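**Q** Please find one structure pasted underneath; my questions will follow.
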Amino acid sequence: MARGRTVVVTLLVALVLPCIVASIRKYTVDDVYKFREEVREMFQHAYDSYLEHAYPYDELRPLSCDGVDTWGSYSLTLIDALDTLAVMGNFTEFRRVVQILTKKQNFDANINVSVFETNIRIVGGLLSAHLMSHRAGVELEPGWPCNGPLLRLAEDVARRLLPAFDTPTGMPYGTVNLRHGVPVGETTITCTAGIGTFILEFGTLSRLTGDPVYEEVAMNALLALRHYRSSIGLVGNHIDVATGKWTALDSGIGAGVDSYFEYLAKGAVLLQKPELMKMFEESREAIERHLKRDDWHLWVTMTKAQVTLPIFQSLDAYWPGVLSIVGDITSGMKSLHNYHQVWKQFGFTPEFYNIPQAEVGTNHEGYPLRPELAESVMYLSRATGDPYLLEVGVDILRSIQHSARTTCGYATIKDTRDHRLDNRMESFFLAETTKYLYLLFDPENFIHNRGQHGTVVKTHWGECVMETGAYVFNTEAHPLDAGALHCCSKTKDRPFILDLDSFRGETLQVHQKKQNMRRQIEKLNREKQLLELKLKQLTERSGAIAKLREKLTSLEKNNPIKLPFAMGDSAKKEPVPQSEVNVVKTEHLNVGVGQVVEVKWHGNAEGDTVWHTKSESKLDEENATKEKKDFDKKLIVSYQTEGKTSKTHKTDDVDETIQSDDRLETAFESIPHFDRDEDVRDKPSKSGDTIKNPSLVSESSGSGLQEVRAQPDVSGVSSLLDALDSLFSTEKKKGKKEKRAFDPQDLLTQIRYHPQYFVNSSWINAFECLSCDLQPFLQRLSMSGEFFSTS
């Protein structure tokens, strides 16, 4: 019986296998090239439609034949499609678009953008186009690939994204304003993919420019996600970047998470960071243990691994391609077979597919021309050469041509069940879908070079080899040449030589000296302005005091009541006995050069009113009349000098010193300059009152004296500015403290010296990159000014 059963099984296999083999069509080389040209025409139709009907808007609306801004109003489709032109060999159009883009100085705009989307589409697209400029015949600047207009634009955009990473956890916000940083009131909730999808673009940018901040903030964000994973090794869908608390506990490989896993694997390859591959293997082990069911990957809770959504998402289709990168072809092919069956069932892969019920997910019926399935097919085809994968690619091509083509481009499939259309063509159709299909049907493309040939690029740090096929695609299908990352780093056997005749750059040491000199000049200017302001106030104050002295002298001469002291240099006299209970007003006045005058206004106990004035007031006729009337009520004024002083200075001498511009300039040149931001004298007083009269040190009413708030002392001062500070007291106005401008160096310091997560090694120890002693900070446009203010 056992032998009979064996025969039956053998016969069944013999009958079934020919059917399976017969179902796979054999394609000739001519067939493949025919499909390639069909894809080229598909791209050209969509691209021309965008230029004719939508440019300079972000995206084309293929049903209404017009354009719309979606992600930031920066001609997104044009930038996203640029390297596809190079992949397809249209170098003439590539150069034309580069000329258009390089006329743009920067991306300064008061608009809020997605940090994630801007990075993968704009930064990635510009970097890829920059690295393909040599092949496309673009006129290169000296120092390429470490210099160039597209690199400057990419850095300008990335620099505007950096404020998003300034969070307690190091994980970025989801939205940033290109001019002002993180918007006020921006939510701290970000999806996992929005946190872990920066290492490719930012790592490339750091290696090309020598500025480590980009790679380190991206790496720090990845370490943060690893730090906050669950006890079973899974990550959730959304997290609070301020606290590290997960707000969506569903764990899967699809929407909201997908490119995080992708960038761990690809980042390890592109940047040669084994720690990233270790992180990927840890994540993959948890995925295979808790998410996988019969070659499908479901959604589960990140803490208990309980199934929450038994669905396949269209975005899941990237996973077989990632598995091919790490060498697991068998698992990748099994998953791709499942995904292809869904495609054949509907003609497309819907956004959500309910696996147990084999039907489209409610409210997720569409297909927005996504590239993920074509991406995995291209990767696995390169790895295996399996003709079955060509068949999958043809199915994708036929479906799009049949159902999505319109007069003005290609439209999103609104419902995969009846193939109704929606009025949108996202930029990734030209950046990804058409590119992956083209590469699938073009086995001789330069992207597929397996290292048999390359281009030697001579730089000021030695030679590097590019265009060898060492391309790593970012999640928007922008290929980054790994060979270029070695062009901008020094080698141990070749010293750094800066040729100023052919290289328009500067060393880091010179750059830092210039920056320090500029900061010192700005500090000197601030001190000079403050000095001039204080001298102006002191001059006005001295004039007011002089008028007060004249007034008191006049009172002394015309009034039969004797004052307790004489004016000027005359000898002191015994004070007139006067009860303190009759003191109705006491003022302490700075008169300059270390003198404080105490003025007491004594009222006659029998009088009804008391004469009162402010020292800086100009007496007009009305005041003079009131003064005479009040004086008749026998007002007694006494004054005395306080503070550290050994002799009396004449008013004329003070004015002469204050008004001497020559002496001022000489004194300013000799000031020992220092940072006065933390000067305690600039801090507001507890009372918070602003002194309106700059000569008035203190005043009190009624009996008793108020403590003098500033005693002048010119001994032991370190600068003329300090001496002026000692002559009078000023207070800052109460109000909200001005927010400091964002500084990426501060962010880098937080990461390096206050690590919340483990750090494998510093930039200096890990790489031979020239960001340390000899890195020429190229005169990139984005480095010419200060970082924008976030106030």
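Backbone N, Cα and C atoms are what each Cβ position is placed from, and that goes for glycine too.
What TrEMBL says about a protein is an automatic prediction, not a curated fact.
Pulled these features from TrEMBL for this protein:
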{"type": "ACT_SITE", "residues": "E117", "note": "active site, proton donor"}
{"type": "ACT_SITE", "residues": "D258", "note": "active site"}
{"type": "ACT_SITE", "residues": "E351", "note": "active site, proton donor"}
{"type": "ACT_SITE", "residues": "E372", "note": "active site"}
{"type": "BINDING", "residues": "T475", "note": "Ca(2+) binding site"}
{"type": "COILED", "residues": "507-558", "note": "coiled coil"}
{"type": "COMPBIAS", "residues": "668-686", "note": "compositional bias 'Basic and acidic residues'"}
{"type": "COMPBIAS", "residues": "687-704", "note": "compositional bias 'Polar residues'"}
{"type": "REGION", "residues": "668-707", "note": "region 'Disordered'"}
{"type": "SIGNAL", "residues": "1-23", "note": "signal peptide"}
**Q** As a test of reading the model: what is the averaged pLDDT for the coiled coil (507-558)?
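**A** Taking every residue in the coiled coil (507-558) and averaging pLDDT yields 75.
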**Q** Just to verify a number: CA distance, D258 (active site) to the residue listed as 'Ca(2+) binding site', in angstrom, no decimals.
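**A** Cα of D258 (active site) to Cα of the residue listed as 'Ca(2+) binding site' measures 9 Å after rounding.
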**Q** I need the CA-to-CA distance for E372 (active site) versus E351 (active site, proton donor), whole Å please.
**A** 11
**Q** Fill in the CA-CA distance, T475 (Ca(2+) binding site) to E351 (active site, proton donor), as an integer in Å.
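**A** Per the Cα atoms, T475 (Ca(2+) binding site) and E351 (active site, proton donor) stand 18 Å apart.
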**Q** Suppose we draw a 10 Å sphere around the Cβ of E351 (active site, proton donor). How many other Cβ atoms does it contain, all chains included?
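**A** The answer is 22 other Cβ atoms.
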**Q** In whole Å, note down how far the CA of E117 (active site, proton donor) lies from the CA of E351 (active site, proton donor).
**A** 19
**Q** Which residue among the active-site residues E117, D258, E372 has the fewest other Cβ atoms within 10 Å of its Cβ, if you could check?
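**A** Per-residue Cβ counts within 10 Å for the active-site residues E117, D258, E372 bottom out at E117.
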**Q** If you draw a 10 Å sphere on the Cβ of T475 (Ca(2+) binding site), how many other Cβ atoms land inside?
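**A** Step by step: centre on the Cβ of T475 (Ca(2+) binding site), count other Cβ atoms within 10 Å, giving 26.
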